[in-house]
Structures are given as structure tokens and as C-alpha cells.
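Feature annotations, reproduced from TrEMBL:
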TRANSMEM  21-38  transmembrane segment
TRANSMEM  50-69  transmembrane segment
BINDING   Lys105, Glu106, Asp135  UDP-alpha-D-glucose binding site
BINDING   Lys260, Asp284  Mn(2+) binding site
TRANSMEM  379-396  transmembrane segment
TRANSMEM  416-437  transmembrane segment
TRANSMEM  469-489  transmembrane segment
TRANSMEM  501-519  transmembrane segment
Amino acid sequence: MEDSRLSIIKVPKRLRAINRAFTLIRLIPMLALLYYRVSSLIFSHKSISVFPWILISISELIVGFLWLLDQSFAWQPISRAVFPENISKELPPIDVYICTADPEKEPVLNVMNTVVSSMSLDYPPEKLNVYLSDDAGSPITLCAIKAAALFAKSWIPFCRKHKLMTRSPELYFDILKADQPKQGNEFLTEEKEIKEKYNVLKEQVEIAGRNRIPPTKDRPSHIEIIHADDMNVRSDDLTNMPRLVYVAREKRHDQPHHYKVGALNALLRVSGVMSNSPYILVLDCDMYCNDPSSARQAMCFHLDTMITKSLAFVQFPQRFYKLSKNDNFDSQMRTAFKYVLRILHALTLILPSDVIVHNGSSALPFERHNRLPQGLRPWFIWFVIYFTGGICHHLFDVFNSGESFNVWWNEMRMALIKCVTCNLFGCLDAIMNIIGIKKRELKLTKKAVDKDELEKYEKGNFELQGDKIFIVPLVIIVLLNIVSFIGGIVRVVTQGSFDEMFAQVFLSFFISILNYPIIKEMVTRKKNATA
């Protein structure tokens, strides 16, 4: 029976048992600390400041709630496998949507690589339709897609003939050439010709980019078929290509266009008239289809009668290239793509990369001279168990996924950074939008690579970029922990208060060491500013 299935689910029993053990190890101290918080307010003979108690209790409840949500990923981990070769039905048509909005922030050559790689998918070309939405209505993008279609007439047959896995020409020639199998002289000759044609495409895009025309807020729609089905020669010819359509929707300055959602809606209307495929593949403009069988793999889920009724969508995880050896920014997002996705009923293209194991223990109550009160000491062991349990579970998860200690360390750092930067300001932004203080707006991520920033990244240096207001909370926390650590050491030496100061000194030291790259970058920027 399994041999004819299109997809199967496997449950790693050993991993499930270990994850559940870690869950119980942390659940028990969490309940104990909850009891301690309530009892300290109700039954304590000493007066307790209500406001600090409320703040600490709320923070612990939030951390506990997030942790409980995370346990759904660990409680029942699964792995999936698909078998495209078992598809016996006729493959259904697919419409591919690619959206771009700014030729400066989203380099046109990268967009064209996404277009060409999606056209090169291992899927019947007569059942594949690629639509590019250009929300800037840029003549540069229109010129580039015509040049890309011309290049695709050589690139697609080359990929099919030699069964290449990497279908993005930029990645193939620039990054992953070493990963390709060795071929004979005929292949090398063809490859040289293809590379020359790709260099011509790059030059055409570069020349078009020199004549930049600012986008206008008022323009009519522009829909153009770059390549149609009737341009193909024979149904079995390697040169046959999917339909390729350029779409620049109408825009008026006094009418809301709803950013990317509006662009996708326009593509739905256009494709509904031209192809009206039952399945849609949505790609960001810098997402390359580097596994040519990805569309067939998705169909293994959609055509599987065992899960079709409960299936809404299938998504694919990101894979980043040119990561530095140190990967200070945790760009591979291992947690989201190797841990969270093990149990989801969807493979995910983009997820919030929130680290699963929270590295902070519950906050300790503030007392005079910052000492650990006698009444708390019997309960302190529960804080230690909760904290060390999270650290050990995170370490196990990292090592179990085949990664190193350095990956764990970087994930811990990025978890802290995200908590006080993007998570903090994201919540504030959402609140301001809800109460009407701020209007919703789309801010494009800059995808163009700065050479100086790339050089620092490749050296493993931490780069503090962006608006200063986003950096302020992070810098304040780092500086406070450095001051707290130094002050704690001074008190231990001068007053011999090691027992009272151990927890505070340890946590300040841990956070300071964890954020050493940030401290190093702060010092470097200070030196450069005074030089």
C-alpha cells in the first residue's frame, strides 16, 4: 500500500520521547513558580509591592503561554516524504505568481532569475503559466523580462537536456557550479555558450537600469504576453516554454491599491481570464526554484486522496546561499525550517523565526541591595530547573539537527535581539495601527547587496544597521548588563556577598558574553566615529 502512496508521514519515536521528557521537566517548575507567585501575594506575612508583582507575574504568564504554544511542535514531531513518481493522474495546470514593486530595492536581475527558474520547473510547459506583477510599472522590468524570455529559450532546453538541479542561472554560474556533476566536452561547450548568453542578459538589464524613470502614482494598466503557447514548436520538444505574462496594474493616487495583496488580486483577475488554473504557486521576487521537481512534490499532497479534504495549501522552506561560516544573524533560520515544520501540515516558505526555546528564566523580584530574599531561596531551584531545562532542550535540538554549538549560540543571541527589536516594535506598530494613530504602509526590504556590508558579514562581524530607534533598546540592555556585571563583581569582592549576588552576576555575565559581537561592533563604530 505504501509503495503506491503519494506522501507518507513518519513519527520519530525516540525524538518524540525526548521532547516530551523535556516538556515535563519544564512544566513542573513552571507550575511550582505559578504557585509561588500566587501564594507569595496571598499568604506572605511580609508586605509585597503589588505593582512589581503584577509586572513580574504578567511577564511570566506571557513566557509560559508562548512556551506552551511551542510545545505543540515538540510533542508530536513528524517527518514527511513524497513520491512524485507515483503520480498516475494527469497533472493539473499551475499559475505561478511573482511580485515585485521597486527595481532599486529589488534588483531586476534577481527578479529575472526567479522568473527563469520558475519557467524551468520540471512540469509540463503547456500546464505552467508564469505571471510577473510589476507594481512599479517600470520600463526597466518590462525590458528585462523580454530579454529573460529570450534567454530562457536557450536555458530551459539546456536544463532539461542535462537534468540540472539548479535552475537559477545566477546561482548555477556564480555559486553552485561546484555542486554540478562533471560532464563531457559537449556539455562544457554548451555551458560556455549559455554562460555567454546569460552575460548578455546581465548587460541588457544593466543598460536598462541606467535610464531610471521614477514610478508614477497615476498610470493605466499594462498587460503583455511575453511568451504564448502558440509560440511553441512541438508538444514533445525540449524547447517548449510555459506562458509568460507581464502585468502592471492600474494605479491612481487617490485610490488605495493595498500593496502586495492588491497585486495578487490583480494577478488572480488576469490569470482567471488567460489560464484559470486550479492551483497557484506564489513566489517572492528573490525566491529561486532550485529543485525542479518542487511543483510535482506539491502535487503529491494535493492529489493524495488521504489528505486532500483537509489540505488548504503546501509551502516550501527557504534555503539561503552565501551564508558566512559564523552566520551571526542566524540567517538559515534552522528553528523555523528544521524544527517547527516537522509537525506542520504545510511546508513553509516564510515563517516568523522566533526561537522555540526561550533562553530567559522568569524575572527575580527586586529587593533592597538586589539580594535574594530568604523566603525565595527554597523556590530558586525551580527557576534554575526551568532555565537549564530550556538550555538543554535547545542544545539537544541543535545537535539532533546536525548543527554545531556555534549555531546554538547564534540562535540564543538572535532570540534576545528579536525580543527587544522587531518583536517589540512590531507589537507597538500593530497597536498604533489598531487604535488609528498610524496608517498601515508597506516598507520593502532592501534586497540589493552592499559590498561593504557583505565584506563585514563574510568576515563574521556583526553589523548594526537600520534606524537608530530600533537599535536603542538593544544597546541599552547590553550596557545595563555590562554595568550590572561589573557592579556585582565589585560587591562580591568588597562585601563577600557571593550567595546573594550569584544569580544576578551570572545572568549579567551570560547576557554580556552572549552579545559580545554587538559590544565589539559598538566599540568599533565608536572608534571610527572619533577617528
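Placed from the backbone N, Cα and C atoms, the Cβ positions cover glycine too.
What TrEMBL says about a protein is an automatic prediction, not a curated fact.
For the binding-site residues Glu106, Asp284, the greatest number of Cβ atoms within 10 Å around a candidate Cβ is found at Glu106. Contacts between the transmembrane segment (21-38) and the transmembrane segment (379-396): present, as 3 or more C-beta pairs lie under 8 angstroms, all at sequence separation of six or more. Distance between Cα atoms for Asp284 (Mn(2+) binding site) and Glu106 (UDP-alpha-D-glucose binding site): 10 Å, as a whole number. There are 14 other Cβ atoms within 10 Å of the Cβ belonging to Lys105 (UDP-alpha-D-glucose binding site). All protein chains included, Lys260 (Mn(2+) binding site) registers 17 other Cβ atoms within 10 Å of its own Cβ.
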